[in-house]
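All remarks here apply to the structure that follows.
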Amino acid sequence: KKEYRYGFQGPDGGYYRSDSRANDDDEGAHSDSTEGHDEDDEIYEGEYQGIPRADSEKADGQLGGAVPAGAQFRDIGEQAGERRKDREELAQQYETILQECGHGRFQWTLYVVLGLALMADGVEIFVVGFVLPSAEKDMCLSEPNKSMLGLIVYLGMMVGAFVWGGLADRIGRRQTLLISLSINSVFAFFSSFVQGYSTFLFCRLLSGVGIGGSIPIVFSYYSEFLAQEKRGEHLSWLCMFWMIGGIYASAMAWAIIPHYGWSFQMGSAYQFHSWRVFVLVCAFPAVSAIAALTTMPESPRFFLENGKHDEAWMILKQVHDTNMRAKGYPERVFSVTTIKTVKPMDELVEMGDEAEAWHKRWRMKMLSLFNQVLYYGLTVWFPDMIKYLQKQEYSSRTKVFIKEKVEHVTFNFTLENQVHRNGEYFNDKFMNLRMKSMVFEDSLFEECYFEDITSSNTFFRNCTFISTLFYNTDLFQYRFINCRLVNSTFLHNKEGCMLDFSDENNAYMIYFVSFLGTLAVLPGNIVSALLMDKIGRLRMLAGSSVISCISCFFLSFGSSESAMIALLCLFGGISIASWSSLDVLTVELTTAFGFLNAMCKLAAVLGISIFTSFVGITKAVPILFASGALAVGSYLALKLPETRGQVLQ
């Protein structure tokens, strides 16, 4: 029988070996993954000989005699130092293995697969905001219900980040990501068909819970296949897929939602309008990510952290062989045959390590919160300001008619953006027409006839109706404010809440603006990816924050629609470098990515609430708030350690 030694060459030319002489003669310690090899094989790759077992070490200690009482309590600082040294050796060992595996086809394939998962997260952020104008009419939503629908996705993502981040450390990155994306896909699919507000809200909540795990898992998962010289650049490239998700959602909304003809209904109970088609299409990235992810392996780092060294070795060998074959070197052999393990340490030492890492996590947490409040607040504030400016411009073109008297006239054309005061209408017919932003005040309608009317933002205030008939209209009770109806009749009123056709052009504009805003981010993303490993994470983060702070000053000059669009594109293109740097730093500095992401979603809700409350009131407060947050973020960035050129701890 042959004896197989194992070890791996470190950066200093030496080998890390497992000191387990007791296991050398123990056949049961051989890896299951090497069973079936015969003695004629020339190379035995990755044969795992076992690691020191607790009972062996305990026996060795007992043979040595009684342990002095004072020696039972070693200096905690000394143990913590040994622990740090051991972790550094393990990190360097893993880095050396990744260097041997190379960077090539495997990492690029995984990049696309995880990019689809990140794209699904970007799409989820935009879905509810795009469908809300149509869904509020389709479901008869009140203002509180609209607000809840707008925030529910962030609440779901916050819960998901808490849940999936911890679960990924227990059952694996790949498995957790598959589960979370599946939940997102299933409930996104259901949400496109359900009719009631409560069930739609519930489906979007669970869809958000599902997608909430994508960001923390995707970045951790991908980073564990990247060597240090590639990590910053390629994690930044991965960020691009979040923006691609925004572009995809904007383009699909622009192409689908305004086409109200893309719908069908079964009676008045079931309606499937174009915005539901959009919700369905937005589930495609998550479904694609699930299909692609089933072909990828689990993170070897996860297996190592859970003592499954054979499984980790097999995956690392797969990475090596895939890359070598793609580069034209299929004959190269994966030389690593063992991986050193972590020594068990006292719980007090673990607590000491946690206390040391707490300060880093606190600074990262505060920096992330400021960025999230700012980014999500401004990204919602920009479109709302554009809508407000559009509304102001539309109102400036309102035509006002006073004390007009109209008799025996048939109106069969669109009435839009008019105010009629103290008018008198006798024996007039309003037939087959649309009323858009029409207001009648203190007017008299006598023996008039309304038939097949579709209205939006139309109201009658302090009006009197005498012997008037309403047939097949959507002029419901809430459109008549302090009105008096005498001998008037409503027949065959349209049921439910009708879709609002008055904002077709505005809908196109909002989707187009969102499309431009996300598209403008891509150049900044490309630049940050190319420079991330050249100038460092901290310089990128601090520099981007300072320039973004300066750009906020120009928001005060955004007094027109075109100016706000230009400023939106400028801010997005600059601030993306902060996001890329922050994502890379979070992966490299802390293991609490899931918790941080959950807190960031809470900050997003706070930012949206703060910024939208000032729309139409003042621009000074949002500008000052944004500038202050960026200034604080720049200061906190300088307090973080630089991670460029360091191995992944």
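Heads up, the Cβ atoms here are built off N, Cα and C, so glycines get one too.
Taken from TrEMBL, the feature region 'Disordered' applies to 1-68. Taken from TrEMBL, the feature compositional bias 'Basic and acidic residues' applies to 18-36. The transmembrane segment annotation in TrEMBL covers 108-135, 147-165, 177-198, 204-223, 235-257, 277-296, 366-383, 508-531, 538-557, 563-582, 594-614, 620-638. Look at TrEMBL and you will find 110-644 tagged as domain 'Major facilitator superfamily (MFS) profile'.
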Same-chain residue ranges lying at least 6 outside the transmembrane segment (204-223) that approach it to Cβ under 8 Å:
110-111, 114, 117-118, 120-121, 124, 127-128, 149, 152-165, 167-168, 173-174, 176-177, 180-188, 191, 231, 234-235, 238, 242, 286, 299, 583, 586-588, 593-594, 596-598, 601, 648
Thinking of Cβ pairs under 8 Å, which stretch from 147-165, 177-198, 235-257, 538-557 has the most of them with the transmembrane segment (508-531)?
235-257
Name the range, of those listed as 108-135, 147-165, 177-198, 538-557, 563-582, that has the largest tally of Cβ pairs under 8 Å with the transmembrane segment (620-638).
538-557
Intrachain residues whose Cβ lies under 8 Å of the transmembrane segment (277-296), provided they are six or more past its termini:
109-110, 112-114, 116-117, 119-120, 123-124, 127, 130-131, 174, 177-178, 181-182, 184-185, 188-189, 191-192, 210-211, 245, 248-249, 252-253, 256-257, 262-263
Determine whether the transmembrane segment (538-557) and the transmembrane segment (563-582) share at least three Cβ pairs under 8 Å, counting only pairs 6 or more apart in sequence.
yes
Thinking of Cβ pairs under 8 Å, which stretch from 108-135, 147-165, 177-198, 235-257 has the most of them with the transmembrane segment (563-582)?
235-257
Between the transmembrane segment (108-135) and the transmembrane segment (235-257), are there three or more CB pairs that fall under 8 A, provided the residues in each pair are separated by 6 or more in sequence?
yes
